[in-house]
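A.B. asks: What TrEMBL records for this protein is below:
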- 589-616: coiled coil (COILED)
- 463-566: domain 'Cyclic nucleotide-binding' (DOMAIN)
- 1-38: region 'Disordered' (REGION)
- 100-123: region 'Disordered' (REGION)
- 284-307: transmembrane segment (TRANSMEM)
Amino acid sequence: MMEEEWADRRGTVSMEGECGGGGISGPPELSLTGRSTTTEAVTSRLYYPPFQLERRMSRTRARAPCRAFLRPPNVMKLVAAVDHYRRRGSAVAYFSSVNSKTNPEKHGGTDIPKGGTPGGEAPVRPSSLLPAINPQGTGYIAWLVVVTLCYYYNACCIPLRECFLRQQEADTWKYWMAADYFSDLIYLIDLVFVKPRLMFLEEGLWVTDISLTSTNYWTKAQYKLRIGRSVFYIFFFIHLNACAFRKTDAVEKVNHNITTYLFYTYHASRTFVTAGLYRPRPTFTFTIAVSCLSSLLIFAFLIGQIYEIFETASRAQIEHRDRVDRCVQYLKKLNVPKPEICRVTDWFAYIWKQQHCFAEQKNKILKEKNIELMSKPEYSPDMATCDFFLFAKIKNLLRGQRFSSPEEAAEEYEKHVSEVTREEWHKCFRNRRIANTELSAVQHETGRGHGSAHMSTLSKVEVFHGCSQALLRELVLQLRPVSFLPGDVVVRRGDVGHHMYIVKSGVCCVMSPDEREVLATLREGSVFGEVSLLGIEGARRRTATVRSRGYSSLFALSKANLDRTLLYDREAALVLRRRADQIMRENATRQARNRLKNLENQKKLRRSQKKNLKEF
Ligand SMILES: Nc1ncnc2c1ncn2[C@@H]1O[C@@H]2COP(=O)(O)O[C@H]2[C@H]1O
């Protein structure tokens, strides 16, 4: 019962209040307890018909675990029905998958992007032999365990064999080789077949299209850079090692040609892969010492590289993961169905993806500017600015000193402060100014600052291009941030409009009256919901339904505030009016065209019926 109730609430979150469209006002958070209104329940049914069908399948199974139902032909029929159903409704299919690399408008017809379901459910793709892999699924985690075991086998057994088990008999050696090839095969399968099929999150929805997942995997710049950099360093060290071997080798008879170089490179590579345990010939003591030292260096380097990789999964990330785990545990305790838990984890992933960027950018700038950050919290804003640049220097001077009284410490401190030269003071304040500007620029870009972020979005809105700075600043204070989840209705056709919306991030889709076609795709800086606010005759209610495609953050501007702004800015009023007229004209033309098409279809049908009757 509870599961059904949850399932029926699918796609419904805390409401923004205007027209029953899903929205979260203020800081983004997922409200699982928000009661679904009738409209939303209908919406979720309309919006997720294929999934309702799938869900009904699972419910039927649960209610009647009869084997006949699970017979392969029946299951295949249902799968085909789901597939057919999904393909019929273009807008439904459009929303049920993310194929963001393709132009959404192009999918207005029956050309449906392949994809999965919102909320992280495994997609139904009967035609595909190897479907996309859910990185949070049990199957993938089991696979990771296998890959890790192979990794440990390679990491531990190869040096062990090299050192202790060299004198192997032929039949034992066979088994070692088989194990080696097996672990290599697992690596290869992981690299070529598994990793490129890993689903990834885009705009909060899982991308399941294989071509997109593999493109995402292979084109990941960071991944490429890391591999490329590591491979380059390894070759570089092998090369240096080979040169060092040659230089320290006592045998002088060897010719100086490419074969000699290859010979020494071979020895250097073997030393490298065996961590210096392989002893190259000739056994000149100095050569051995150099090889051991270089191997140690290489190992230190490799450990540094591994540390760097692990470091990126920083403390914040670990804390974030911990928070997600605790939340998931709690939801499990409440017996929340799995799809809903997936929705929550997707939301967490989305939030992390957004905030993570900010932290990385900020750290990059601080690193570039050589700005030292305190590890302890800021006790007061005044102290923080001082600590930021100057305190480190004074602290170094005072390091290790002991004082018998606070007065003595203060005296010593004052002495050091008075010794700070004029240039250093200048540098300190200059650095501080740079940091402030740079950080506010980052906040501006990433939307973490408050007023500045709103301003940055507003400056992209064409309607307000002509507005004065003062008016914009006033507008900024009136914007209310709201967030929407995948598929949520922002405004519904026919409802009374109270707000106009500005897209801060994400994508919103203007739907056709039957919700089968996407009329327009609105991205960052776009404005919608203004037509019904302008009081134009014949357009006093919402002219279209607008849905959020993935996760989206919008700014809502109330009718009263818009009216006040337009009173002062005649130009903006004109732009909005012109835009509204154009939209209404377009919609009217489209409706007329559709009506004509329907009439023609009806005529054709009647004609064919008459023909059939005559033939009969
Ligand atoms: N054909 C269209 N192209 C772009 N935007 C549209 C179109 N039709 C409606 N809209 C927007 O969708 C909004 C729905 O609410 P409003 O009628 O208040 O304002 C509408 C417009 O901003």
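Cβ from N, Cα, C; glycine included.
Automated prediction, rather than curation, is the source of TrEMBL annotations.
Keep in mind the model is a prediction, meaning the values are calculated, not measured.
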A.B. asks: Determine how many residues of the domain 'Cyclic nucleotide-binding' (463-566) DSSP places in helix, in strand and in coil.
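C.D. replies: Helix, strand and coil residues of the domain 'Cyclic nucleotide-binding' (463-566) number 23 helix, 39 strand, 42 coil.
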A.B. asks: Give me the mean pLDDT over the domain 'Cyclic nucleotide-binding' (463-566), rounded to a whole number.
C.D. replies: 85
A.B. asks: Residues of the same chain, at least six outside the coiled coil (589-616), with any C-beta under 8 angstroms of its C-beta?
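C.D. replies: Contacts of the coiled coil (589-616) (Cβ under 8 Å, skipping residues fewer than 6 from its ends): 512-513, 519.
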